[in-house]
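Structure, as structure tokens:
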């Protein structure tokens, strides 16, 4: 019997999109797609080691009260798993070292960046980028075109050229600590997806670039391409009825966001579990 | 000791929040500052080491990439005046709570009860020297004095070493819990005095009823056995006041009304609620017979109807008007998270799927001087929108439907309607999930947040009672995250069958929730001293009636108690066993083992005397205005499109996450550029099914000034036609009524009470008549009856307003229809006749007139039309469909065209209009039950065959030329405007809000 592809979505403390992310994993072909409350991980009843694909879903961890995902990152870094000296962050590092996949969407992306999981240019978990208040100073829900970097090592965007997805955030402006970091992201093709105009050219112009992100960056990966985070929501476009104009345009049943999950499942099945 | 950690942005990082504040100060108050910077301040009052504080400052409190932090020294520089705004003691500080938890994770130690983190914000104003102006900015924009305090320092007053002096807004109370008894053996005048001074809001008749009860020797004898005397305790009188309040008992809707119509015909109505609302639903359900889809109506926190074979829909709409008038942000936030608890707390529990919101405001651009204590409508607008934004977005619930209605009278009291839908399995562990029953012996368990003085006595307070060190009582701030954690926990507890009943703690707190749950068993015994408190010093009666948020009360069988408490602990939710449900017949509370209340359940729930209200209807002497024929209908149309009641609300809609949960099939914004106005929302709650929940609403207070009967009828029709426009099944739809009225009880303060009460009667009569005619059962509702402002001689009463919310289903959401035109050459049809009905219309209001010809609803023809439309939608014959409402045909044509990105060419001659109507009347009449549809040419024959014999007019077609072209008699061009211009007129007014 072939090995099973197992996805996990962490829920709790203000995570909101766990159900649709788990469904997207399932639809993309994952054999197991579990929603696990963070309390279960902290109690030690569930271990990340038993999965291949870790999903950090959108939401408002702890209300984003200290800045988006800041308190959430603090919990994963410091809270000890019951009966051990290990943190969830330790488990994630082991997960990553085992060649597995992590995708963070929106609040999950913010969490990865603020834990230092992304972009991890030097391989160590030190925060070098951030996501902060949109230039407009407000939360916004709107759809955006993303241009995919075809040269990117990102596992999730293989074969993709452009995707159309909703953004739903107040703190989505991507910034780096210095020009060097930005340069490395660009040179190593880690700036996987960029906000683009109708002609699919990266743009700094609102509303095509909804938040004023540096270099129009909407999502990044680490140098291995197995860790990926983005502000737009791929799990929110997995069927044509999710598209804002499905009543007026002919479009395929499958939504563009599903492609990213399919890529993840394919990678696990064909490369990780081979 | 207390530490102050100040966090600011590094040089060169854009302060988007500060920039927004600068812009809004200019827009709200007219002060054009050079620059506003913002800093976050955490006042940490706890035993910590230097290195622990440094770690917190560098870690969770600041972001190393964009921010810097300073401990016990200022960060502020390069400004003229500093304003620091923090909370008053006792006000919910969500960020402070999260900050505290973050430090606990770092140190691995829990804070003691006395320790805490308090947050404040520094605004650094540049380009302002006058501290008095800064004071005004603080008072009128940056802060709300009811819940916040502020410090203002000029640059030279800021100590460069220590910064702003440390303030720890801890609640300090040295009061010891005591129970007082109240002597009711006093004069009528003194009885009223007791009610007034205690903010009990009980009438003389009600006070006398209580006086008689306690004077009964048999009652006293029983009381003596439990250690009480012949006087009621403060706990008891407060419990009675809560249970008998208008808010909980709906005394006006339950009253006996002596009604006289315009012809002098008299009738006595024994409860509007029972006669018209319950009555309508009863009659409709009987008529539906086996097709009755209602599962639970009126008896629970929300109504429940069938959805699919496996799932039911739960729906509830609440208002939160008075709190929103005082603190727009906190009021609206509490409103939405509060109604969410109703949605969850129905039956054995449901999962929230979406929110709806409808607001009624005065114009945000109002330039009049406002009477004292009223906040400017712009501030209310901004605060309410932000409150609902945070409440919905943070809870992960999409806000899918809503509207904003403007009328100057809403300056007196804004209306904030918050709705929520949820789904539950039809069956849970072998029993219907919409039913629940407390068993004798079940434990009373409270879970969620802790109890403070929040919301004691609702909104009947005055600011004079607030002072430094005393907690704010009436204004509450919701905490969506604590609530979300509790809901995550409850749904697991539900599926494991750990409780037998539950409900939310809303108005009246434990007094109401436990009092109502105990009706199942006929009594309870609750230990108030076991309740977890936010801070010490609460009196037993305060614990009982506190409306502190984010709490639910449960009945947990003894055998499940340990498992329940353990699960709560695992999921970081506080749950406390407070006592037991009994069949003693008594409302029995104890404090430290001593009985503090022993009220008969029967007296508590059935004792309130019925009010008698006079009502007299008079026809107002109204007439139609004589308006000159307009010179240019292009101009008239653009003016209408720019009216606040018609214009785009996109800037608000985008601030709500309307897509989380991935179920929103028809979104609030549709069309070629994702910015056209949807009629209703379609939501797919199960990701693996295409069954759709359809939700919409109708609201038309404009017509109340002519006749509330037709206002009500039009609101029902508007809700239903929005619902069918997108494809909602007209034979599987339920309604919810939310009445917001001005005080209808005749008194010195309300000399026109008889007329207002008659308006209420007429609206109820229409509610019955039209719900029955359409076959739409009412499943839940609410009333808010005192929406007046009165200080001194100034009285502002809102126009009588009913929000009629509609919820139902469509079997296959893939058949949903949006309002935007789809293709050039599609045919444009108008369904329904157009009458000379411009009374109360937007067009007349633009001209400064009210008129007399209020729109009337012909339910029989409308119902046939809606059913036929459903059939056409099912057969895929409808390319687009949009309802006609404010602004009539012309506005609907414009919206359809620019939303779709194509032009429309129509001939007004083809409209089925009353004889003699002028062109502007045909264009702008607001006749009800009309819909504008487009049909692909290949479907013309099938479509026309379906509507044969009905009012269905082929007006013209969709054109590639992006222009609205309307011709009249002899093909004279009446309107020819590019759609971009129309769209600009429609989008401009509220774009920057």
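Keep in mind that glycine also has a Cβ here, set from the backbone N, Cα and C atoms.
Remember, TrEMBL labels are computer predictions, not curated facts.
Bear in mind that the values here come from a model prediction, so they are computed numbers and not experimental data.
Cross-referencing B:357, B:737, B:820, B:825 against the ATP binding annotation in TrEMBL, which names B:316, B:781, picks out B:737. Between the domain 'PurM-like N-terminal' (B:300-420) and the domain 'PurM-like N-terminal' (B:678-788), three or more CB pairs separated by 6 or more residues in sequence fall under 8 Å, so the two stretches touch. Between the alpha carbons (Cα) of residue B:781 (ATP binding site) and residue B:318 (Mg(2+) 1 binding site) lies a span of roughly 8 Å.
The recorded positions listed here (B:247, B:341, B:476, B:504) include no residue with a Cα within 10 A of the Cα of residue B:318 (Mg(2+) 1 binding site). Ranking the binding-site residues B:476, B:784 by other CB atoms within 10 A of the CB puts B:784 at the bottom. Residue B:320 (active site, proton acceptor) falls outside any helix or strand according to DSSP and counts as coil.
Residue B:476 (substrate binding site) sits 26 Å from residue B:737 (ATP binding site), taking the C-alpha atoms as the reference points. Considering only the recorded positions B:247, B:342, B:504, the residues lying within 10 A of residue B:316 (ATP binding site) on a C-alpha to C-alpha basis are B:342.
Across the structure, residue B:737 (ATP binding site) and residue B:341 (substrate binding site) are spaced 19 Å apart at their Cα atoms. Within 8 A of the CB centroid of the ATP site residues B:316, B:737, B:781, the other residues of that chain are B:303, B:317, B:735, B:736, B:738, B:778, B:779, B:780, B:782, B:805. Note: the Cα of residue B:247 (active site) and the Cα of residue B:784 (substrate binding site) are spaced 8 Å from each other. With respect to residue B:784 (substrate binding site), the closest of these recorded positions in Cα terms is B:320, chosen from B:320, B:342, B:504.
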